[in-house]
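Read through the structure below, which is laid out as structure tokens, and then see the notes.
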Amino acid sequence: MLFKISLSNIRKSLKDYAVYFFTLVVGVAVFYVFNAIETQTAFLSVSEDHREFIKFLVQAISAVSVFVAIVLGLLIVYASRFLMKRRNKEFALYMMLGMSKWKISALLLCETVMIGIGSLFVGLLIGVGLSQVMSAVVANLFEADMTEFRFTVSGSSIAKTIIYFSIMYAVVIIRSGIVIGKCRLITLMQSGRRSEKITMKNPWLCVIVFLISAAVLGYAYYMVGWNQMDLGPKKILAAIIMGAVSTFFIFWSVAGMLLRVIMSVKGLYHRGLNSFTFRQISSKVNTTVASMTVICLMLFVTICTLSSAFVIRNNMNKQVEENFPVDFYGEMTHYDADDKEWNNPQFADLEKYYEMKGFNIADDFKEHYMFHSYCDPDFTIFSFIGDRMDEFTSENQSIGVMSDYPIEIVKLSDYNALAKFYGRKPMELGEDEYVITATFSGMVSVYDWLLADKPEITVFGNTLKPRYDKSCYEIIRPSMQPLNAGVFIVPDSVVDESGAATAMVIGNYDASDKEAMAEAEKTARKHFEAARDEFYSDGDGGHSEYYTRIEAANDAIDLGALVTFLGLYIGFIFLVSCGAILALKELSESSDSASRYTMLRKLGVEEKEITGSVFTQSAIFFALPLLLACLHSYFGMRLAKFMLSMLVSGGIFKSMLFTAGVVVLIYGGYFLLTFIGSRAIVREQK
């Protein structure tokens, strides 16, 4: 008997609450797809470096999956609350017919198990299909060969999905049993005539709270949008807290002001069904302030996460081409043993260490160039800032954590040789001029600010003036990111060889295809590592490193894949959760208000007007948290752009457009489903 009743109830629930079942299916499918990445990549032909990174990616996704499971679990529990409320009269009828509370709990248990099995089966079926598509995405990200790919099913991911979602359903069952155990017959019978208690707010208090909240939010926007150089971890946390608290009170105050503001506009309020529509909206917002706040913040995180992920993904490969124009780069520097801060670099004869191992550095490359930088102990970053230190510190308090260090200098002839190697324009300098090259955004702004006053410098006893009033965006050391924090280019006649510091080499391999390139790289790395071992074994302290274009390209691909997968995983789950919560709330409200629409029909209101009222309510209900989230995201992305500029160069407009498309597709899709569902519920009461 319980099975038959449960099956009948499920059929009815699928009809009335298809959004809930759809969300469960989507959650299961997404959970499986991302956790099956390891299996899907097993048959792809990727490099060993990528294979190791994929293992790390799988571990990262597994860690994030715990957080995702918690979010989905809270969503399912939250949704079950509305489903329980929808069926209060049904439970009252069961109790009047003599069914005990434990039997009602058993009925809910049976229903939950059946819904759980159904959603798991359908979700896993869809997930297995989508995971094959994910293989193509992974292959594209890692530039892998798919010739050996075949259809796969991840048994471990299926087991993991079943375990996680079984725990979620078990929590729902326990909660449902507790709710049934506490309910009373009279409460259940009166549920249709009882609405959630709405406390009328003082309109003047709402206005005051709104203005204060807007002011606090505006200050938080200023902190992250225009004062980034003064931001530390504590201030960022403070801005986040101010933003979250202000968001809550903005919704709280708007809920109290909305209806009164609309009522003050007589022409609008009394037009058509607007008086009914806006009273309904005011009631909904009043009872969902906390939910609106959480949804708004989740949408904000989603928009910023997806946009930042796509910015990194879209710009990393292009950036490697710009910042690593050669195949190989290596350097060696001696430091005194007691120089813990590495503030006194000394020359290391890189070529000598190659020869000590029996290698000729020229044999590793088709073409190469060796040079070294210089340092003047009296010419440091603090001496360059000079008497503007107090002014700079007050404007940028982060300078307080910055230590003094000698500025790196490169001869003009060496720079022009590098420029030719890198395919860039050579530079011209007068005998009394200097130029600053920098690509690291944080220091570019510092140098440009200082160069506006055309400061003279003294290098090895020579006084020089700046050739330009801004720094030049040029690289010295090849790298994956724009990391040149400032290298001064000076005339050859100025430098003193006693100040010789870091020895560097750049080169291009003598290789024409991928296999030959890999072999040439293997040889170059082996020889440099041998020379480095000799360098470290001579007893002096020092620093040595090398980096290759292949490594940089692989690192760019790996980083792009990591942020893409995690961004999509978290963003998709957050969007689905936000859409589902709003949809379930709106559908529940439509069900509770169905009798009111019946009354409107009896009063002669046309069906077209009722449909318009339902659409307006759903649209405003979905738009309120999204609009504030978009406002948050505008200023949040200003901070993200500042922080990302230290990692990648490039605009964020295209990424924002793509993110907007994802939000419209998923969030807008839930809005459309909600409107269709609400309209169907209202029409059933004809």
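Numbers here mean position along the shown chain, with the first residue as 1.
In case you wondered, yes, glycine gets a Cβ from its N, Cα and C as well.
Some features that TrEMBL has for this protein:
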TRANSMEM  17-37  transmembrane segment
TRANSMEM  57-83  transmembrane segment
DOMAIN    63-174  domain 'ABC3 transporter permease C-terminal'
TRANSMEM  104-126  transmembrane segment
TRANSMEM  162-183  transmembrane segment
TRANSMEM  204-224  transmembrane segment
TRANSMEM  236-262  transmembrane segment
TRANSMEM  289-312  transmembrane segment
TRANSMEM  559-584  transmembrane segment
TRANSMEM  610-635  transmembrane segment
TRANSMEM  655-676  transmembrane segment
The transmembrane segment (610-635) touching the transmembrane segment (289-312) per 3+ Cβ pairs under 8 Å rule: yes
Remote residues contacting the transmembrane segment (57-83) - C-beta distance under 8 A, at least 6 residues beyond either end: 13, 17, 20, 23-24, 27, 31, 34-35, 37-38, 160, 164-165, 167-169, 171-172, 175-176, 558, 561-562, 565-566, 569-570, 573-574, 577, 580-581, 584-585, 587-588
Contact yes or no, the transmembrane segment (236-262) and the transmembrane segment (104-126), 3+ Cβ pairs under 8 Å, gap 6+: no
Stretch contact, the transmembrane segment (162-183) with the transmembrane segment (104-126), Cβ-Cβ under 8 Å, 3+ pairs: yes
Non-local residues, at least 6 beyond the ends, that sit with Cβ under 8 Å of the transmembrane segment (655-676): 18-19, 22, 299, 302-303, 306-308, 310-311, 314, 571-572, 575-576, 578-580, 582-583, 586-587, 614-615, 618-619, 622, 626, 637
Closest-packing stretch to the transmembrane segment (204-224), where packing means Cβ pairs under 8 Å, from 17-37, 104-126, 559-584, 610-635: 610-635
Non-local residues, at least 6 beyond the ends, that sit with Cβ under 8 Å of the transmembrane segment (17-37): 54, 57-58, 61-62, 65, 68-69, 72, 75-76, 79, 83, 86, 115, 118-120, 122-124, 126-128, 130-131, 134, 138, 154, 157-158, 160-161, 164-165, 565, 569, 572-573, 576, 579-580, 583-584, 587, 670, 673-674, 677
Positions on the same chain near the transmembrane segment (559-584), where near means CB under 8 A and six or more residues out: 17, 19-20, 23, 26-27, 30, 34, 37, 53, 57, 60-61, 64, 67-68, 71-72, 75, 78-79, 82, 138, 141-142, 291, 295, 298-299, 301-302, 305-306, 308-310, 312-313, 316-317, 621-622, 625, 662-663, 666-667, 669-671, 673-674, 677
